[in-house]
Amino acid sequence: MAATSKIYLPDAKLVWVPADVLSSNDNTVRVAKYVPDPTTKLDDETPSSTEEVVLKEPFASVESLPLRNLDLPDAGADDMVSLDYLHEASVLYNLRRRYFAALPYTYTGTMCIAVNPYKWLDLYSEENRLQYAKKKRNELPPHVYAISAMAYDGVAARSVGGAAAGVDQSILVSGESGAGKTETVKIMMGYLASVAGQTDGVVVKRVLESQPLLESFGNAKTVRNDNSSRFGKFTQLEFDATARVGGGDPPLVGSRCRTYLLEKSRITGQAPGERAYHCFYGVARGRTNSRLDLTQQRFTAKGDLATKSIEGVADPDRFAKTWDALRLVGVEDNERDAIADLLEVTLLLGDVDVEATSTEQGEGSSLLQDNASTKASQALGVNTEALGKALTERTVKARNETFKVPLTQQQARDARDALAKEIYVRTFDYIVSKINTATSSGDVDRAMRVVGLLDIFGFESFAVNRFEQLCINYTNEKLQQKFTLDLFKTVQQEYDEEGVPWTHVAFPDNAAVLTLIEGRMGIIDVLNEECVRPRGSDEGFVSKLTTLHGTESTRYIPHKMNKDQFTIKHYAGDVTYTAHHWLERNTDALPEDLAGVARSSSFTMLSQLFSSSVVTTKKKGKLVKDTVCTKFKAQLTLLMEEIERTTVQYVRCVKPNSIKSSSHYDVEMVVDQLRCAGVIEAIRVARAGYPNKLPHAEVPRRFGLLCDTSGSTLQLCKALIGEEPATQKRDGPYAVGSTRVYFKAGVLEALERRRADALGERAIVVQARWRQIRHTRRYKSAKQGAKKVQARHRRYIARRLYLKTKAASILAQSARRALMARKRVAALRRNRAASRVAATWRGRKERRAYELLRTNAVTIQKVQRRRAAASLFTKMASDAREQAKLENRLAAMEAKLRDAQSKNEEEEGALVANALVDLRSANADLRKENEKLRSENAALKKKVSDLEQEKAIRADVLAASRAQHFAEPPKPVAKKTVSSPRAADTTPDKKKQSRFAALVGSLGFGNTPTTEKEVPPTPSSGRRDRRAPHIARPLNRFWQDVPAGSLESALPSTPNDVARVHLKVGGQYLCATGARGCALEPVPQQPKSPSSSTADGRDACYLRCEPPVQVSAQVARANGQTGANGGDFGYRTAMAFIVETAQKGTFRLRSELTGGYVNVGGLFQRYCLCASAPTAAEATSFEFVARQKDGNEPVGEPDPSSPGGRDASMERLRAQQLLVALRAADGPKRGHFVRVRPDAYVNVAPPSSPDAARGALPADDRTTPLLSVELLVPLSQYEVTFVASQLGLIVSKTMPLKVVRFKDVGASLAPAAELSGRIAVGDVLATADGRDITQCSRREAVDVITSTRPITIGFRVGEV
């Protein structure tokens, strides 16, 4: 070997390292290493280090070291069979080049190697799909689309006559967890669905959506892969070979799916950093009424709970997509809810526990009677006692006897786990059956062709390998045997049939391992036999294996130290298995007691899943259940038989690193996977034989242009290649078989290059002739063009001379015409100036005459209008004074009547009544006279209107006359103020002056504006209300607290229904400020001075929170008491609100005090709540948000007025579920919660947490303000205790005494009766201090009520 040879050097860490040989001496070599960085592209220009290395076997000399391929492109070789030096190192570094060039796919003959890039590349567009569907495989870069296209072409093939000649296809995808098998299968399935020319989009959508659905129930997060498939599946896509869409390819009409080895152990426990199946987390975090708390469930608590999204999809979103996919495959809504309930049941069973007990038969167990067992029993639909017996006892049948055997604590827990696993496995099988029903074509009469996609787990070898690893590795041994037959034995068999001489290549055969596992008295038979044996054990199983195969089989190695371990030499390496609980896992039998409980469940789907009969087989005269090994072996045999009937394509998925990085290439990990996949052996065999071949008829057709084709195929090959073919005695570059010609590597490529050169020479001749024709045409075209250019140039010169002459003549003509025009313009200007002077003189003369006429007309009009207005004003002023006098006399007589009635009501009542009748008669006469005056007033107004109309007509006439005779408008004349002749005489009092001014203003006379002080009092504001918003302590017999759970049913359900409510925040109550009805009073339109501090009625209607104790003291002081806390007068009307339904779930609040609706104030009011909206349209809608329940219930009834009493009171209300939050449901502050400011005013604030924004208040929420809602109890009778001297009630004059109205007693607060908030007009006074007063006379009843203080009066609800 040359001193500077480019080689690969063995390395203990990196397996192979590129190096240059600088010098060598025997087995010592001095090299320059190019140590690659696992995160960057290899730099093979600058060595990393120079050192001396001692070579060891099997590379003990420099000549034995593998050589590097030179002059490779940066992207490496597309097909590694084409590498000049093909070995393990060249394959490893070629894949590395393509990985860092973002090219994940590489061919190895017919096999495709896919390296997981850990990111989505721009390789899967619709344009790429169409290219791989139309072009051949060798015309495009490597891609799994090409593998899918080959499979589809295989099912779509047609014979020469056009008949369907396709055969079934299979694509086997293998690799370890995280290598990208599942995504590769989905990519190929999407390609087949898109190019199949489908006619039914629903079927294709179901087929594609079935894969994510299976992922949700069969995939889980592991330490190697976030979306690892924990089961194997074989999906068969069905194509109708007879139905050709538009005469094209067969359409996709359905699919079938078969699953293998679902990992059950993951249901009941996970390793650190791993999760259970995705569907559990979707139900727990995405279902609205889920009963699961993953942090508390025993089956999931030790797993990874921090991860809440997989591959960018959050668990709630995955749950929604899964449920949509279930609907797509035909699962009804009730069935989907039942599936979610089954998933919850599976996890709830994990919380059920048992305790150890002692029985007469030995150690036993019993079910813990706690909340977990009750919850699980209810979810299962069974009795808690029945579940406990099924878990802690086992029914044993011996001949004709049946007896119960108690189970130990561990056995009962194992039975619990077995039930949970069985429920989930049967649910998974049910979903698979629904998918197959929805996606399968179901037509057995059609000629179907299938493409099978096998997504199976790769070879596994861990620190501790259990029963599941044996089944997985057994599957890989079977697939490896198929791979060996296809790539090794098939090649040798083809060469032998064709009679092609070649050297047989030795290949690894794993038949001995398969015999050890599945042969007679192999591992499966021995394990089944040990399961049947009464005292079978794991150690006995391993001991029997050692006795049978310890010395005879070279693939079985017994363990000398541990009796439950043994080693098998698989094709991918040695694996040591630990036989722990193998007999139980192989039997996998659910105790009949638990199965019976499941069948008797009231949960319909659960009972249906367990109603299927158990399959049994007869073996050696005994009925035994099929074991897991037996069933799996049968499934695997059926799978291999189906694959044998198809043409197989292979895809090997490779995982580049274990950290899931898109820029890291772990050489050691990749080498292990390539060795396990058999890629190196496949390349070696492909290069050892003839990688290229052509049929005999294709050789002369393709290469006939290179030589004479009249001879035989052998003569043609000799003429083309120039060498003799290979024989049994000597080697050659090609060999002629019976039907094909086989070429070694590089020979066919050389012929193709010669053919391309020959075609190029002929193309040159054709191109030369074409160029001659093209140039001849170009010359003729140029000659004709030159003639046209010359003609156009001569025409241009002649036209330019003509245009010059024409321009000169036009210039002379225009100069002559300009001279004549200037003379005419001068004459016209002289005539115009003379006309303007004459017109100006005439206009001035006419304007002077018009001004004189207009001044005289205006003077006459003013005098006439003044006379008419003065006469009318005098008459109406006299009428107004008379009307005021009559009203004053009537008011004086009414006052005299009230005084006489209060002094001697019974003696002078008749006389006053007669006087009142006379006064009313006189008042009626005055009213008639007033009506007469009003009619005269109307007539005068009409007359004024007519005069104004006549005035307008005259003005129009004068304007028309002026427009006709004058050119300019006259100057305006200043107005003179005409005052009333009797205005100074009118000096009544303020009230009369106000009415008089209003009357004059209503008639349209005078310019004095009416001020606010002169406006007469309206009926609504006749008495000044000086009452402030005060609150008394509540009377519980009138009000009751309503729990948050029943609050919606207690509020009005229809828009016409209302309810009265109080809102309480801790120990304080929400109330409105202002006077009664202030929100509905008109706002005075008067200018406000900056120093004025008086706000209008609406601005004062704020909401506040007040404590009841302080208010009780204020009420006591208002009723003449001192030194005490005051009496109980019930709720003030300021606290009462009317609830009106706005929409479903929302309502409006209207204050009984202000009469206005509650709305949110503006920015300068800090968004305070005001009870000032006059209409419902201006009100803000609110909604109650209930707080989630917690289990803390404080003891006792704390005093809200004591320090810390409010917090304790809130804790009590929280425990009793009497708290809700009030939230705005519309308007600009929609979603904001009502809160109390430090100054006791109430405003709104945004939610304090995302949960509060969604309307879900958690149990530990202490930031969102909460309220206690109290509703009025509709009692038929009630009692009120009065301590004030005057009740403030006006009662009827007949018995029984009824409330007629409330009376103002002149205090600063409202009267005690009105302050109670409970007494209504029409209620009957029934009792006084327990005495029935309905049977007394009116005088006795009034004496009892007015003479005693305090007094408790009983009322009976009546009608107005």
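Counting begins at 1 with the first residue displayed.
Positions of Cβ are set from backbone N, Cα and C atoms, glycine also.
The shown structure was predicted, so the numbers you read here are calculated from the model rather than taken from an experiment.
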- prompt: Under TrEMBL, which of the candidate ranges 406-428, 636-658, 728-750, 1257-1279 is annotated region 'Actin-binding'?
  reply: 636-658
- prompt: For the binding-site residues listed here, SER177, THR182, which shows the highest count of neighbouring CB atoms within 10 A?
  reply: THR182
- line: Neighbouring CB atoms within 10 angstroms of the CB of ALA179 (ATP binding site), all protein chains considered, total 24
- request: Report the residues of the chain - excluding GLY175, GLU176, SER177, GLY178, ALA179, GLY180, LYS181, THR182 - with C-beta within 8 Å of the mean position of the site's C-beta atoms, for the recorded ATP site, in sequence order.
  value: ASN116, ASN225, SER228, GLY458, CYS653, LYS655
- request: Counting Cβ neighbours within 10 Å across all chains shown, tell me which of the binding-site residues GLY175, GLY180 comes out on top.
  value: GLY175
Message: DSSP-wise, what's the residue breakdown of the region 'Actin-binding' (636-658) into helix, strand and coil?
response: 9 helix, 8 strand, 6 coil
Message: Can you give me the same-chain residues 6 or more apart in sequence from GLY178 (ATP binding site) with a CB-CB distance under 8 Å?
response: ASN116, THR222, ARG224, ASN225, SER228, LYS655, SER658, LYS660
Query: Once near-sequence residues are set aside, which residues in the chain of GLU176 (ATP binding site), 6 or more away, have Cβ atoms under 8 Å from its Cβ?
result: ARG224, GLY458, PHE459, GLU460, LYS655, GLN673, CYS676
LYS181 (ATP binding site): tally of other CB atoms within 10 A of its CB: 28
Message: Over the span of the coiled coil (876-950), how high is the average pLDDT in this prediction?
response: 77
